[in-house]
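Beneath this line is the structure, given in structure tokens, with notes to follow.
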Amino acid sequence: MSKERGLISPSDFAQLQKYMEYSTKKVSDVLKLFEDGEMAEYLQGDAIGYEGFQQFLKIYLEVDSVPSHLSLALFQSFQTSYCSEETVKRDVVCLSDVSCYFSLLEGGRPEDKLEFTFKLYDTDRNGILDSSEVDRIIIQMMRMAEYLDWDVSELRPILQEMMKEIDYDGSGSVSLAEWLRAGATTVPLLVLLGLEMTLKDNGQHMWRPKRFPRPVYCNLCESSIGLGKQGLSCNLCKYTVHDQCAMKALPCEVSTYAKSRKDIGVQTHVWVRGGCESGRCDRCQKKIRIYHSLVGLHCVWCHLEIHDDCLPAMGHECDCGLLRDHILPPSSIYPSVLASGQERKVSKTSQKTTDDLNLSTSEALRIDPVSNTHPLLVFVNPKSGGKQGERVLWKFQYLLNPRQVFNLLKDGPEPGLRFFREVPDYRILVCGGDGTVGWILETIDKANLPFVPPVAVLPLGTGNDLARCLRWGGGYEGQNLGKILKDLEASKVVHMDRWSVEVIPQQTEEKSDPVPFQIINNYFSIGVDASIAHRFHIMREKYPEKFNSRMKNKLWYFEFATSESIFSTCKKLEESLTVEICGKPLDLSNLSLEGIAVLNIPSTHGGSNLWGDTKRPHGDIHGINQALGAMAKVITDPDILKTCVPDLSDKRLEVVGLEGAIEMGQIYTKLKNAGHRLAKCSEITFHTTKTLPMQIDGEPWMQTPCTIKITHRNQMPMLVGPPPRSSNFFGFLC
């Protein structure tokens, strides 16, 4: 077997990661087979030979065979980097080294990956990287940059300067501490060395099957795909082909970031033939005859559509069109190693420390947004709203830079927040339900961001009470996303209150369900309302197919309310519950309640208003509420409560009493206006003496006797949509 030595190439590493994406096996699963299972025969002490290594890869990657060039390159890489002279002579590799490497790739901590790579290049095992070892690192970085299609002609001196900067004490060598410090703050070492591989713009189309309701022509063979027939369309550039033409298609034109200094700051048009859905030229305003052949051009960034003949009249520079306020053009994103030395020095003091290690592709790229714009960070939950989430995901990937759009099912919101961390004046759009919004807000809370961005909501699925209150509607129904983005551009910021919930259980043998959240964004309830929600939740978990529309949900809710009214599980609630508002007891003795709701926003259960409508007093409502709040932390006077309007930024909660399940069902189905207004306050405490149903933001649970304290936590900037346009002339007068 050849003893050619060398590190695994970037392309081989990319192929390895692709295999790992589709495998469900863990390293621990494979090790068991080698230690005491069917693969034990391949063990030679604590090492395995090439044949055993191939078996390891086949089992771990769940494939029938691994390309010989890949398995050989990996095997030789382990021999070069990790093994002693003895193991090299025996033509084996240490199984512990192999398992350690793949464990790190599975999801190891960044600091572990950094330490691992340090030892990989420290070939003489003296604990420092000398000049020859640093040169070896630079060579590997150059290979990686070439694989990523960066302009390598300008890169070598930059990398040499960067490696000098890592030598913080000027000793002429790099210690492990200096290596870890650099990787944790300013230098994307893992990406540059090929251990993080999501940077490649590889020219591959992101195909999705599409059935075309009107004549469309194949970008490759230029013949008709057929009316009502299915073809393939690229999510990123709208390049469209027959299924059988996809293998021969030209590479995707979309490059998501600048790969050379000369490309930074100047965005040019990227024209793709066809895709002119409007049928009208944005240059001459005449029709584009799209029904007869493959004609016209569209720009993937500004989305202008023009005749082929109008191209010479168009300038080279692209301003990103109507959505420029939201878009990060490729010219605004570039490898951080291409930043000047001064910029890197500044970022050393502004970015994270080794105590906050969480490296990813985001550290490899730097964002320098176009001035006077508000780049949009989009989070999409593809599971929300059936298939709506998936459609919204690929639509935004076309309308914006794909690097602005994050699939929450992949890695959650953290990668997106890290990527935008240093961007000024950006906004966030959350595409999902109230639960998804809560997840994003909680992550922002924990992220310790230098700038807390305002958050807008594109509601998917049912419910969506927060989106309703912020004027984004009760659910996305296929509206034009470009128009929604223009509405977002015109939105206003409101600082929404958020509340902490502390549940202190009493000593009891009963076991409580886990509390779903520690923060209230929408509402908290105890009693009949939560009991109905709990039944609804259990049934939906068992039979999700029965809860796939708003109308079905309303009917099911009404049915559960009816059955709850028969059993009255929360009757005489005041006998097992006491309430304190700002330290003062709330008198419930004259009321026959089966539930209490604490509201941060006026909408619950998909649009129900438990507080009810308020006759508008003369003057500014927000000002009146503030005046009332200034007079007293607690408002319980019924006459004053009649004039109080819910305000999600007044640091006050509305407390509502509910008589029973029938009343709750009537409110939910709009047959009754509201419950009983009990109080408006800034702090509330419940003491319970028996197990009761409770819910936070629509997530119910059964709670054993306890004390519950609700206090103000903070405020989060949220974006409120523009007011709805009036549908008649007289509406302008209101």
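Glycine is treated like the rest: Cβ placed from N, Cα and C.
If you look up Swiss-Prot, you'll see ASP122, ASP124, ASN126, GLU133 marked as Ca(2+) 1 binding site. Look at ASP122 (Ca(2+) 1 binding site): DSSP puts it in coil. ASP122 (Ca(2+) 1 binding site) has a Cβ environment of 18 other Cβ atoms inside 10 Å.
Other Cβ atoms within 10 Å of the Cβ of ASP169 (Ca(2+) 2 binding site), summed over all protein chains shown, number 10. The Ca(2+) 2 binding site annotation in Swiss-Prot covers ASP167, ASP169, SER171, SER173, GLU178.
Among the features that Swiss-Prot reports, domain 'EF-hand 1' is placed at 109-144, with the record citing sequence analysis.
With DSSP classes pooled into helix, strand and coil, the tally for the domain 'EF-hand 2' (154-189) is 24 helix, 2 strand, 10 coil. Per Swiss-Prot, domain 'EF-hand 2' is recorded for 154-189, and the stated evidence type is sequence analysis.
Here the domain 'DAGKc' (371-505) has, by DSSP, the following mix of helix, strand and coil residues: 53 helix, 33 strand, 49 coil. The feature domain 'DAGKc' is assigned by Swiss-Prot to 371-505.
Taken from Swiss-Prot, the feature N6-acetyllysine covers LYS483. A 10 Å cutoff on Cβ-Cβ distances gives LYS483 (N6-acetyllysine) a total of 10 other Cβ atoms nearby, all chains included.
Among the features that Swiss-Prot reports, zinc finger is placed at 204-252 (among others), with the record citing sequence analysis.
The zinc finger annotation in Swiss-Prot covers 268-318 (among others), and the record cites sequence analysis as its basis. Summarised as a single figure, the pLDDT of the zinc finger (268-318) averages 92.
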Length of the line joining the Cα atoms of ASP122 (Ca(2+) 1 binding site) and SER171 (Ca(2+) 2 binding site), in Å: 16
Output field, Ca(2+) 1 shell: CB within 8 Å of site CB centroid, site ASP122, ASP124, ASN126, GLU133 dropped: TYR121, THR123, ARG125, GLY127, ILE128, LEU129, ASP130
Cα-to-Cα gap, GLU133 (Ca(2+) 1 binding site) vs SER173 (Ca(2+) 2 binding site), nearest whole Å: 9
Residues that sit under 8 angstroms from SER173 (Ca(2+) 2 binding site) by C-beta distance, when 6+ apart in the chain: ILE128, LEU129, ASP130, SER131, ASP167
SER171 (Ca(2+) 2 binding site) versus ASN126 (Ca(2+) 1 binding site) - Cα distance in angstrom: 15
Under 8 Å by Cβ from ASP124 (Ca(2+) 1 binding site), same chain, sequence gap 6 or more: ASP130, GLU133
Shortest C-alpha distance to LYS483 (N6-acetyllysine) - which of the binding-site residues ASP169, SER171, GLU178: GLU178
Same chain, 6+ residues apart, C-beta under 8 Å of the C-beta of SER171 (Ca(2+) 2 binding site), given in sequence order: none
